[in-house]
Amino acid sequence: MKNAYYIGLMSGTSMDGVDAVLVDFSGPQPQLICSHTEAIPSHLLKGLQRLCLPGADEINRLGRLDRNVGQLFALAVNNLLAKCNIAKEDIIAIGSHGQTVRHMPNLEVGFTLQIGDPNTIATETGIDVIADFRRKDIALGGQGAPLVPAFHQQTFAEIGKKRIILNIGGIANVTYLPGTSEHVLGFDTGPGNTLIDAWIQHVKSEPFDKNGEWAASGKTNPDLLAQLLSHPYFSLAYPKSTGRELFNQAWLEQQLSPFNHLDEEDIQSTLLDMTCHSIARDVIKLSPEGELFVCGGGAFNTQLMQRLAALLPGYKLDTTSALGVDPKWAEGIAFAWLAMRNHLGLPANLPAVTGASREAVLGGRFSAK
């Protein structure tokens, strides 16, 4: 059978690098052929973080960063192809998520904005790019997120098996696969790594808390935990999605101001528990028992996985490796899959998940010619 090669590009709310994956969709399950992470240069990272919050001269900064991020994504593709020793002519299309700089679906006229100019990516790689996946769903009255549940359904669902796929990036999202003819459900539970990363970056200038070791050295403060979990987002009904617009460094500092007597590691432990408790609450609402498979950066945080398991005794906990998909690359593979769906003219959103009025083909194609 002829190979069906697509490339997926993903940079999430953690902004910890651009993940590039080469995936073959010619078989019954996606096959990861090769992967690469392109580091985000510090000057670009600072520019993106600044753009995620309201500020002056935004349009000029947005335009420049749109091109800069496109160039970085193109570099990630070219380095991936060199690593895999695959010719660009063998790739059907690139699926690029871009970099989210605003996600505001609940305004009177909701919107979401990802940058990383697909014209630049197509021109600098010589490969057609499919991008702008979220805005069709928003135009149909949906949240534009999460989009990965449709991929999870096709890849991980099994009749008779009640499964939850938990993706823990900067924001955490769940996909409920009932194992029956019931609707698949999915939504963002709230912060994943974004606040625990922000705190260790602020205090220790380290990019992330490896294995949750710093959190493990602290003791959770129940009063701070209760305050953090009182955020209105956690009591919203789904469909719902969120991002840095709600959960960011400024919000965290505001929450911490009455607790400045706490040790820094105790705050880290409490932030980790906020992530775990908010996830566990939503998982239990979906089903008190079943199988839970974790992907994303959080799958590699030992302390997070241990605390989550303790909060979910009715669940068998594992990573998506057990289902044949490397948890580090799962979201990149999903965006390669979204590109394939667009190329074939097939819908890729789940209205029961996003709240859109109907299924739709997502994304637009940007030719390399």
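Placed from the backbone N, Cα and C atoms, the Cβ positions cover glycine too.
These come from Swiss-Prot:
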- Gly12, Thr13, Ser14, Met15, Asp16, Gly17, Val18, Asp19: ATP binding site (BINDING)
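Excluding Gly12, Thr13, Ser14, Met15, Asp16, Gly17, Val18, Asp19, which define the ATP site, the same chain contributes Met10, Ser11, Ile40, Gly169, Gly170 within 8 Å (Cβ to the Cβ centroid), listed in sequence order. Cβ-based neighbour count (10 Å, all protein chains) for Gly12 (ATP binding site) stands at 24. Put plainly, the binding-site residues Met15, Val18 were compared by Cβ crowding within 10 Å, and the winner is Val18. The DSSP secondary structure for Met15 (ATP binding site) is coil. Spatially close to Asp16 (ATP binding site) yet at least six residues away along the chain are Ile40, Asp197, Pro207, Phe208, Gly297, judged by Cβ distances under 8 angstroms. Non-local contacts of Ser14 (ATP binding site) by the CB criterion (under 8 A, 6+ apart in sequence, same chain) comprise Gly169, Gly170, Asn193, Thr194, Asp197, Gly297. A C-beta separation below 8 Å, combined with a sequence spacing of at least six in one chain, links Thr13 (ATP binding site) to Thr100, Gly169, Gly170, Ile171, Thr194, Gly243, Arg244.
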